[in-house]
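Asks: Please see the structure below; I have some questions.
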Amino acid sequence: MRRLTMYPEQPDENRESIVMPLFEVVVYPKSRAKFLADKVTGEILLNDMKNAESVSAIGLTVKNGTKASDLSEESLYKIGNLLNITYVQPSDDGYLVVAKGIERVEAVSLYQKNGLFYATYRPVHDLPDFDEDAETEVMANIKKTIHEISARFQGSEQFTKSIDKMDSIDQIMGFVMPYIPVKLAEKQRLLELASVRERYLLFLHILTKHKENINLQIEMAKKVTDKISKSNREAMLREQLKVIQEELNEGDDSASGDAAYREKIENSTMPDEVKKKAFSELKKLETGGSHNPEAPGIRNYLDLLLDLPWITEEKKSIDIAEARRVLESNHNGLEKVKERIIQHLAVMKLKHEKQGSILLLIGPPGTGKTSLGKSIADALGRKYIRISLGGVKDEAEIRGHRRTYIGALPGRIIQGMRKAGTKNPVFILDEVDKLSASYSGDPASALLEVLDPEQNSTFSDHYLEIPYDLSDVLFIATANSMANIPWPLLDRMETIEISGYTKNEKLAIAKDHLVPCILEDHGLDAEKLKIEDEALKVIIDKYTREAGVRGLKKQLAKTARFVSEKIVSGKADLPYVVRADMLKEILGKEIIRQEEARKENVPGVVTGLAWTPVGGDILFIEGTFMPGSGKLTLTGQLGDVMKESAKISLSLVRSRLANTANSFDFTSSDIHIHVPSGATPKDGPSAGVTLFTALTSLIIGKAVDPKLAMTGEITLSGAVLPVGGIKEKVLAAHRAGIKKIILPKENERDLEDVPEDARNELQFVPVETIEEVLREALDIDLPRPVVPSSYPGSSYAPAHSV
């Protein structure tokens with residue numbers, strides 16, 4: 001977040017600024033606020049922040065009950081705040097804006113322009129009608145009232161400490177009012193009062209009324225509790241008497257239980273400093289008496305200390321051959337991934353397992369990331385522990401809760417170590433990309449200490465309160481995408497990418513792993529159910545669309561349930577053989593429409609290649625033109641980068657084809673480019689060559705072979721740059737029936753990752769320039785760039801190509 005300078009004092013003449021309509025928010029001077037801005041306003045503020053040291057706006061609260069679609073000048077209060085915009089960030093609902101109130105202002109006039117509100121405003125000055133002694137007395141009463149309110153809520157100490165440090169009633173008002181449940185009009189009235197005396201006394205009145213409401217609610221709750229019927233009260237007393245009698249009879253057992261703790265601690269493998277802590281807690285337990293309310297919490301804490309593994313067991317030597325055998329038997333395909341894991345284990349063996357590298361397995365859902373972690377544990381002969389971090393928003397989930405809170409628990413890391421019972425398990429941190437920050441802290445930041453080899457030997461859990469050594473643990477994290485993983489966390493891990501399975505690999509996995517597993521889960525065997533290979537191929541192609549095999553497993557389970565019902569009903573002859581033509585009856589209609597290469601040749605239509613989180617896909621780029629004024633229209637939910645690629649492509653076409661025999665009047669024609677599947681957002685630079693080829697094909701009226709696909713980024717100088725996701729894109733082209741692929745020359749080395757069966761059935765054309773692209777796609781030689789006639793030929797020199 002960049003810091004912006006404050007504004008210098010200015011004379012009181014009217015000034016003009018953009019207006020930020022504030023829904024359900026009133027911002028006070030000297031206070032900070034967060035609110036959402038619409039996309040247009042947010043983009044303006046973001047752009048201004050890039051070009052200016054400080055950015056301001058007028059914050060005017062929207063009157064209650066007004067919808068965003070019904071905003072008008074009359075729906076805004078005229079008294080607001082001059083805001084210093086300190087932070088603007090895109091979000092799902094618009095733009096998140098953080099601002100600080102500078103001074104109260106009045107909107108002298110309001111008007112709309114291009115869907116935005118603007119105001120001419122002037123400062124609203126305070127009426128200094130309060131002497132210093134009276135103000136000091138009111139501030140003391142305000143702080144006292146806030147302390148009385150806060151005392152009713154647990155964990156409010158930090159809040160009141162912040163209040164005590166403030167030396168201005170206006171500052172306290174801006175800090176406290178967002179938490180007071182009063183009507184919006186009342187909050188606005190507090191802002192509009194120019195009289196310092198009236199404003200401060202109204203604020204004190206609001207606080208006092210809020211305190212009385214809280215006291216009333218507590219009193220009413222107490223009265224409801226006191227209205228328990230006499231019979232229920234007697235029953236409760238009888239139960240209490242019974243418990244007291246049992247406690248009195250078993251007092252010796254309780255004492256012996258505490259003595260057992262002492263013996264267990266003395267005989268444990270805890271380090272000396274941990275034993276010292278345990279004996280300190282035990283002393284509290286022994287001296288607290290039978291009525292000690294902390295006794296259950298102390299016993300839980302001592303149980304945790306006794307259950308945790310404190311010493312490293314004798315380590316087994318890593319058997320690389322056995323590790324390779326386990327990985328090969330449990331996982332088809334993923335040869336490079338398995339080789340990376342074997343190399344990692346070899347390093348551990350040479351370093352005697354005292355390693356600092358953390359593995360991160362990244363790949364689409366269902367590609368075996370978690371099961372790879374289980375296989376590594378099996379190969380090492382270690383305990384396997386897995387925790388899912390998807391949706392975790394609270395830092396306490398990682399670090400634990402402090403024991404001062406009721407129901408406090410250790411964090412998931414310490415709980416996992418307790419469950420493992422050994423100091424060197426294989427610990428899977430599943431879905432680390434699904435962590436998210438909230439008001440309760442950032443769990444991703446808490447993981448930094450866990451995954452940093454320099455720090456995790458003294459990991460601090462809030463519940464445990466003493467350092468715990470995690471350096472012997474082999475942590476393996478999994479994620480679907482690294483885009484949502486904070487860079488400091490990503491920097492601490494060694495990334496292994498799992499791109500997904502080919503059709504042949506999925507078929508092998510289904511035959512060797514999934515089908516036997518499904519048969520066992522449904523009480524079947526190979527003598528009762530057989531699924532033909534062709535049927536498996538149809539299920540893979542027509543009933544699943546994924547990089548992994550999780551959906552395939554679900555469809556096979558559905559097939560097994562269908563057959564089980566047939567067998568139990570006596571309607572099936574054994575073995576029941578599932579053929580491809582039977583799948584419609586078993587699984588219903590085909591649910592996946594695979595994109596396939598088009599059969600017809602149409603000028604302006606070219607096949608491109610795309611990467612998605614579930615693998616690759618092909619896409620079609622279509623172009624057409626009509627009489628107009630030289631406008632370019634782009635549709636199909638294209639992102640900013642893809643739109644820029646389209647503009648670059650059009651500029652290249654205009655510069656290279658302007659004086660050809662196929663002369664095309666760009667100034668009197670509009671061009672429309674569309675990318676089908678309009679409901680799916682698309683972005684990235686890799687469609688550059690496809691867009692350029694589609695435009696060229698459209699202009700010269702010559703069609704591109706529908707069995708040809710291409711990918712690559714282009715520059716204004718006509719160079720073709722490398723792109724990512726080559727393996728997934730090539731596999732998608734192979735599935736779709738594409739025969740030839742144009743790709744950047746620098747991506748030629750990425751073809752090594754493509755399975756050999758797919759490589760052998762495709763022709764690859766590596767290119768470095770757009771001239772090579774058109775020569776291969778349209779069989780034409782592209783003219784040299786047109787130099788404007790106004791250029792002085794003798795002094796022309798080509799620009800440096802970045």
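Keep in mind that glycine also has a Cβ here, set from the backbone N, Cα and C atoms.
Given the structure is predicted, the values throughout are model-derived calculations rather than measurements.
Sequence annotations record features per position, and here Swiss-Prot assigns domain 'Lon N-terminal' to 17-211. The annotation ATP binding site is assigned in Swiss-Prot to Gly363, Pro364, Pro365, Gly366, Thr367, Gly368, Lys369, Thr370 on the grounds of sequence analysis. Among the features that Swiss-Prot reports, domain 'Lon proteolytic' is placed at 600-780. According to Swiss-Prot, the active site annotation covers Ser686, Lys729.
Explain the structural surroundings of these features, please.
Replies: Cβ neighbours within 10 Å of Gly368 (ATP binding site), excluding its own Cβ and spanning all shown chains: 26. In the three-state DSSP scheme, Gly368 (ATP binding site) is classed as coil.
Following the DSSP three-state reduction, the secondary structure of Ser686 (active site) is coil. Around the Cβ of Ser686 (active site), a 10 Å sphere holds 29 further Cβ atoms from the protein chains shown.
Annotation for Lys729 (active site): same-chain Cβ neighbours under 8 Å, separated by at least 6 residues, are Leu609, Ala610, Trp611, Gly616, Thr711.
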Asks: What kind of secondary structure is Gly363 (ATP binding site) part of, going by DSSP in three states?
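Replies: Once the DSSP labels are grouped into three classes, Gly363 (ATP binding site) ends up as coil.
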Asks: State the three-class DSSP label for Lys729 (active site), counting H, G and I as helix, E and B as strand, and everything else as coil.
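Replies: Going by the DSSP assignment, Lys729 (active site) falls within a helical segment, counted as helix.
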Asks: Highest CB neighbour count within 10 A among the binding-site residues Thr367, Thr370?
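Replies: Top count of Cβ atoms within 10 Å goes to Thr367.
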Asks: What's the CA to CA span in angstrom from Pro365 (ATP binding site) over to Ser686 (active site)?
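Replies: It is 24 Å, counting Cα to Cα.
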Asks: Measuring Cα to Cα, how far is Ser686 (active site) from Gly368 (ATP binding site) in Å?
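Replies: So the alpha carbons of Ser686 (active site) and Gly368 (ATP binding site) sit roughly 28 Å from each other.
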Asks: To what whole number does the mean pLDDT across the domain 'Lon proteolytic' (600-780) round?
Replies: 89
Asks: Quick one, of the binding-site residues Gly363, Pro364, Pro365, Gly366, which Cβ has the fewest other Cβ within 10 Å?
Replies: Pro365
Asks: For the recorded ATP site, enumerate neighbouring residues of the same chain (Cβ within 8 Å of the Cβ centroid of Gly363, Pro364, Pro365, Gly366, Thr367, Gly368, Lys369, Thr370, site residues themselves excluded), in sequence order.
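Replies: After dropping the recorded site residues, what remains is Leu361, Thr478, Asn480, Ile498, Ala547, Gly548, Arg550.
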Asks: I want to check the contact list for Lys369 (ATP binding site): same chain, sequence separation of six or more, C-beta distance under 8 angstroms. What comes out?
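Replies: Counting only residues 6 or more apart in sequence, the Cβ neighbours of Lys369 (ATP binding site) under 8 Å are Leu361, Ile362, Gly363, Thr478, Ile498.
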